[in-house]
């Protein structure tokens, strides 16, 4: 068949399939107009339900379908008669079209609509009778009430779902009938009333059905839930008015009272009612209270919930010195406590964006609780004044909306994050207003004319850019985020003071030749002035940084700032004056001034030390608190440290303090030893000599050093050393933390099981380890290791372990990581049979019988030696024992009479022989193969007993076995049992010996038969099972974790509840569609092809699972809709999709169901009537109502799909895929923001609702809650705002944050309840508030880049965070799957911060916030969660740029400032070097290279270096060279390698670690890490200077496409290429003009690391680019590059299309005056090249006057004029083209003539010409950079076009410098092959080449 015919066949097949399935273009079911009801129709739920039922019954009765559609239309018409709502007109038109289509299908004739009601009534009856709903309900109830229904749970589930669907249809029909006809016949009315009971469980609810009983949800039957529900019925509340509606299915409670009084929204009340019941029931279940007939809520449960929920409010009251709303906690009844908690959570649930202001919520609660108390005292239910108005009571409108409006106005004023942070109030500013008593000036109800509510005027962009505007606004509160690097000093001044003073002290000692005399001591006393001057600088920064917040900050705080300024100003002046005066004395040591100075320093130093000791050392805090009664001490403490609401008592227990103090003392000792001996001391003598040098001849016109002791020469030597001194502490931290992390991991037993061999070797220990840690403690069981257990205990452990192990294995099979055969080998028997031994999985025993047989046949040893040889392999021994016992057991079960006698006789004889040690004499072991073959034949027949009747063949097989044993094997003396043998022989001769053989029917016996058959037939070793590397890794990690320390697991009912929430989703891929999988790129590579090659074994397993042959044609898969869906899921589970995340998280529910199901024997529920054998039976556990209810009470998964409503309206594929996920996952909830347009006063207004939906019985969305918001919830960063709107739908004590690119595993889910118990363990003086969880990066197998990123990330999330938590106590939250103490965080602002730009790295702020609010963050590695990372270089660069930019914003933040100020010194250093300090040190690493090279360039160009070396050979200082050069290699190479290497060694073993590391080096990982260094440096520095940090959508797809040269250039030009070329230029200048005695070798050693860095920055994007060196693509890239470069662009043109548009985008971040000044200063460095090189030209001779430099500028100006002449715009010159050509020709001739004259008549050489180019290129670039920084000015004076032309020329030149080497390498085909092998694994490379060959080497030809 031709290719065209094949494609046509596929097209026809697809069309037929769509027609058959009635699907749309996306493959979604076409459900008509149902599901498309616009949200602007207020009653859209009812309309949607009616239309869905109309679709369903279309085939049954088209007339009824038409009636329903017409009724839906009339409802829509009544709701919006003028069709003014968004989408209403289109909906009505579409619905009318559907109605017309239904009418057209009828037979000809008029429609009698008068009979519509009668038809509907008749249809109701007939539909009811047809489906026999009464009988169906009775059958379901009987099945549910029967004691044995657990055996048929699947059937029960199917019946329930069917009954619910029918009930839902009847409910809609009943509703329509009631609306159409008020006079319903009595008979029909009775039917409908009877049917109401059937639809009670169709009422929408989230977890607990509170508004109606449910027969299918067992949660309502739990005593703890009943007790919690009963507790809400507060009998002492005032009676509510009669017109206040309460559902008839429940009685009024305190939530109804609060609903009426304060006007909370109905759905908010329902949501928080369930929330409180959930919290209370879970606390009750943990109290171990015996069940009672009438469950009562224990006061301890209420007290716990009360204290936890209102803890922040209580602390707020204490801080402000006000009394809480209650008089005393001890006298407060539990009902009142519940009322307060309910009120608080109702406020919180409706607060929307104000939830980010936790202390504002405390203020609102305080005022509303006082109002409520007043109403309760009067015992009359009245509307609260604060929430009431003429439009009725509304908490949202009267309380929240005014706050929201002012917050929204400030947020709108930030110009989408471009405005300076100091010009608008963010969430923190609003919240911190409530940290002072001034907040009570807001009064209650709100004083809306108070300045706090003053909205800023909208800013004009022009005024914003110039920093003016003069708009009236409120100032910042407490802190101002000014954009400056000075924040690093301001926040961490103690560190900088310490480093400067240590450097000064070490330098003084070194310059005094480390002699301790009076002179040295005198000079060391200069540290005093240094300290006070640096403290004075800090006090100056305090004043400067508070600019913009003085008007709103507390007066006491302002007074403190100025007092400190005066104090340190006076102290620095006085101490410096004393020290200078003392030095001026002739004999300083004996002068009175000197002695006074010493006394002042001692007193001041002692006071400082005392205060530091008192305030920073943990074990002094009790003493500190006692000293607070003294005003002087209190004043000194206040002066030393401002007192905030957050950050109080931030100390750790003494043991923890000592640990991290010793850690840092060791690091500091190593750092300062290195600094003194290898950095400072070697420079002392050279410095002295350089200072003494006179009359140094400079080769240029020297302006500074000539008469200033050669200052610049000394600076060029010391600057790199100082830079290294400042950053090398991070290097030492990296090394020591890696070592410490390695030791901690070894202590925690990580890496003990690191191979499949270890899993095989230690498997017998797993059951006992599992029972010790992961299983609920069993009565009477002791925690003992396997080797000390008796047989019964071991068997019990194995029996309990087996269902969990088997479920793990089955899940691996479902995920296609293992094959069917591997699953069979890995499954573990139940161990519930009567065999007195433990049965192990077959993969341990495979082939062991044949090995044992071979040993036995040899017969070279005695019986003892033979058995000893077998016992050397434990599993061989187990295999022999099991075969021996199982054969006996099976034969005893199938044989009777003489046959049974024979079996017993044989076994007695064998056991007797063994006892006598005569086995080798009594039995012919060389005949064992015959015995095995006969037994195998018998088992082969018996195992088919389920499908056939093998009696006849089985009898023959047993007779053959008898004959072999009797005639060939037995050598015993039969006379001892002569009668027995004679009887058997006679029976055999008569043919009746085995005639009554019984066919095995018992399932357990059949399993034993099959297992024995497998044992006797599997001859191949299973040592490599499973083969899949991911399956191995997971099993290795899980089994390793069984031996790690973890808390004891609680029963599911008693465990902490947690809600797996916050998978924030926007518009990423949910599920790959078939077209996406089949779409090919330019190489003909589709995603499906890519996955098949990357995961070949998993593809093969997938085909086997769906019943397809692996050699079948691919298009055959596309014939079956089910297989298409399975294929889409298979591919999606291997990408970073929402489907993968949802599947992984749902394993938590599955694990909980399994655990609850197997624990049911001890829970006393209705499933408790089970036998002991059933204790390990897991059949149907997923259908058990009680197990599901227990799991749902502890876990439900919420995905916050922000724009799901919009996606549904636009019929996006993502919405259909999300709906599909909800259908497939019962516990999945989707929260989204619904945008509804409404009409008010003739204008369209947008209303926003936060909604929660789940799938109903028909698989459609069922709306659970819809809570109106005060406005658009997205005021700040998108992700935290998305989380915040959905946080109200969460439940439980804990919440785990999961990103959309994460995964989970069933075996890890089993450990979640252990992890949750960490909240109750002792982790310090404060309980944990965030539990850190280990991650596994699952994208490492995709490509070499993905592997590098995976390993880098893994070393941080394991070894790095291990050390952060212990001993450093500074682990934060990094966007990883950490588990939060939910109530702690939701009452303190949430799990992230959302202010625009400043909180762009939103996740880490939850860690900051938790720590500042007395939280405690831990890290645990016995459980892991999967994590995807970016897999392409561009993705990685965007991600790292986002993180680096986020860290730049953190530098400016108040959180970092407060943590830096409030931590003790050692913890502050830990915090600094693991957050912003890491990025600053990274930037300093790069700057050190620049400082070093510019220093070398200065020495080379000035001639100083050559002069000094010629005179004294000073520069040949080996210690100095070693220190500098080694440092760069150290930074670039070992910097990231040491943690990675030690992590590899710990978890892989030394040999594998070395192989992995060396392999990575061959894959050029050092190039990647060096490139990343540049990425982090660029974005971190630029963010602090200019801002511009933003969320980067990196894309999480598979990188299989070639990235064009232009795209790489756009992304990396300014961050890497410009800087890389600058380094190359410096190295060339140093090579050309530097002086080195060592010649080339010395130059190479000194510059190799700089060359490596520069080349990595220039070529890494192309080295790691798929098909980056393929000639055809290189040609296409060049064409694309030139088109992009020359395209002029215009309005609306993007940077991807035009160079001009891109250049404008690149300059957009320079917006402020200070930014322009900083760019100008930084650009001045480029002028050194011209200044130095022009004096090196031969043409100038020995002239060093400034005239030479001036003339060089004249030449440069001439060159620029010539450039302008030759590039004059053709559009401008259209009228004088001839004149322009003439001028250009004359100019060219004159230029050539000038050069020729200069060469002939002057000393100008060809070398001078090249040198001039080297000089002028950086100068013009510097001018360009300055001009670009002052773009508005350039435009004003008309030079911008010329600047742009020059910039285009430079970009063209830089691009060609990079492009030419790529083009040259592309000529050689092997380079492209090598690169592909470098980037991808062999399978993919081979597949790629084959596909290209099949395509005729045409990339666009279909495969």
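Any Cβ shown, glycine's included, is placed from N, Cα and C.
What TrEMBL annotates here:
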type	residues	note
DOMAIN	335-447	domain '1,3-beta-glucan synthase component FKS1-like'
TRANSMEM	492-511	transmembrane segment
TRANSMEM	531-550	transmembrane segment
TRANSMEM	562-580	transmembrane segment
TRANSMEM	592-614	transmembrane segment
TRANSMEM	657-678	transmembrane segment
TRANSMEM	1471-1493	transmembrane segment
TRANSMEM	1617-1635	transmembrane segment
TRANSMEM	1641-1664	transmembrane segment
TRANSMEM	1746-1766	transmembrane segment
TRANSMEM	1778-1803	transmembrane segment
TRANSMEM	1809-1829	transmembrane segment
TRANSMEM	1849-1870	transmembrane segment
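Note: the stretches the transmembrane segment (1617-1635) and the transmembrane segment (531-550) are not in contact (fewer than 3 CB pairs below 8 A, sequence gap of 6 or more).
For the transmembrane segment (562-580), same-chain residues at least 6 beyond its ends with a Cβ under 8 Å from one of its own Cβ atoms are 525-526, 528-529, 532-533, 535-536, 538-540, 542-543, 593, 596-597, 600-601, 604, 639. Residues of the domain '1,3-beta-glucan synthase component FKS1-like' (335-447) grouped by DSSP class, helix first, strand second and coil last, total 80 helix, 0 strand, 33 coil. When Cβ-Cβ distances below 8 Å are used as the criterion, the transmembrane segment (592-614) is approached by residues 522, 525, 528, 532, 571, 574-575, 578-579, 581-582, 585, 620, 623-624, 627, 636-637, 640, 1465 of the same chain, each at least six residues removed from its ends. When the stretches 531-550, 1471-1493, 1641-1664 are ranked by Cβ pairs under 8 Å to the transmembrane segment (492-511), first place goes to 531-550. Within the model, the domain '1,3-beta-glucan synthase component FKS1-like' (335-447) carries an average pLDDT of 91.
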